[in-house]
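Notes to accompany the following structure.
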Amino acid sequence: MSKEKFERVKPHVNVGTIGHVDHGKTTLTAAICTTLAKVYGGAARDFASIDNAPEERERGITISTSHVEYDTPARHYAHVDCPGHADYVKNMITGAAQMDGGILVVAATDGPMPQTREHILLGRQVGIPYIIVFMNKCDMVDDEELLELVEMEVRELLSEYDFPGDDLPVIQGSALGALNGEEQWEAKIIELAEALDTYIPEPERAIDLPFLMPIEDVFSIQGRGTVVTGRIERGILKVGDEVAIVGIKDTTTTTCTGVEMFRKLLDEGRAGENVGALLRGTKRDEVERGQVLAKPGSITPHTKFESEVYVLSKDEGGRHTPFFKGYRPQFYFRTTDVTGDISLPEGVEMVMPGDNIQMVVELISPIAMDEGLRFAIREGGRTVGAGVVAKIFA
């Protein structure tokens, strides 16, 4: 029992495999689990159990994802692997599986392929901060120069999308070789694990970030003032803190004079908790659902941004028909819908259900946002798409 307790204090990091179809993402996932279980203890997983990924629904979107776990001496990893290309696209855009780092798998026999590029671009758009490269199938390439050439190509491709291509770790290995217990290739899996430990920094915990709470409801309490309720997304709210009310209207600041949870008064509310915050001197009609309460200066309201969007297919309950420029749906951010105009990339006339697309959105009223914020696209309360803010313009 004491051992189990000790394990739990290890830092937790979320990673995943990305890359072109058949380059060996799932085989690598199995090889990591198996090799690390052999060396450091833990549960081995075979290819079949990972490849048979269960379907999940995230905001109405069907995604097949396999979740595996493994340990290094320093950390505990949660790792996602998807069977199909479409699953990766959906996963990255919805943030169903947030990654602190990605393992880009490239077959040495093929070099970078179209989906290699697309996954790198998506990684950039959705904010995967770190990428480590695993060059797979190196046991099938005899020519040392060819391996160097592929490595150079991959590094250049990553640099093209603003990843530090020259500096990031590239490990040349064979996932199948490691899975079959061949020592020289098992050593490469250990090398990959060491790269994960050293190259991907420990993610900041939600509680250590600046305070932010999306406002879900507003009440006025006779003689005490206005209370806003919501679930704290990040940081800590203490009684006496100055807070900003951001989005929809002009930003205002006030002081939090009380924090309560389940009708009990607290000194503070923390990330993940549902609380009510009493605001000094704020009138009931000055705040509304859809705004956020935040540490002053930590987040700003915006109306225009570039986004990466996945459009639900008909089977997922999405649209049955394409949409064109001039489409004006609602964009659902955190707790509220805001109407917006879209512009499509040059040369794109229409967007079909099931597509993923980059679009520039201009909202009719400002919303508190950072790059990486997720949203849904809705028509009359029905979700027809999912997106992520890639770049803020105004």
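Using N, Cα and C of the backbone, Cβ positions are placed for all residues, glycine too.
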Exercise for review: With Swiss-Prot as the source, identify the stretch among 1-4, 49-52, 81-84, 377-380 annotated region 'G3'.
Suggested key: 81-84
Check your understanding: Of 60-64, 140-144, 340-344, which range does Swiss-Prot call region 'G2'?
Key -> 60-64
Revision key, fill the gap. Among 112-115, 136-139, 220-223, Swiss-Prot lists region 'G4' at 136-139
Study note, to complete from the structure: For Asp22 (GTP binding site), the nonlocal same-chain Cβ neighbours (under 8 Å, six or more residues apart) come out as Ala107
Review point. Once the DSSP letters are reduced so that anything not helix or strand counts as coil, what is Gly19 (GTP binding site)?
Key: strand
Practice item. Have a look at the binding-site residues (Lys25, His85) and report the one with the fewest Cβ neighbours inside 10 Å. Key: His85
Practice item. For the region 'G3' (81-84), give the DSSP counts of helix residues, strand residues and coil residues. Key: 0 helix, 1 strand, 3 coil
Check your understanding: Counting only residues 6+ apart in the same chain, whose Cβ is under 8 Å from the Cβ of Thr26 (Mg(2+) binding site)?
Key -> Thr17, Phe47, Ile50, Asp51, Ser66, Asp81, Pro83
Check your understanding: What counts of helix, strand and coil residues does DSSP assign across the region 'G2' (60-64)?
Key -> 0 helix, 4 strand, 1 coil
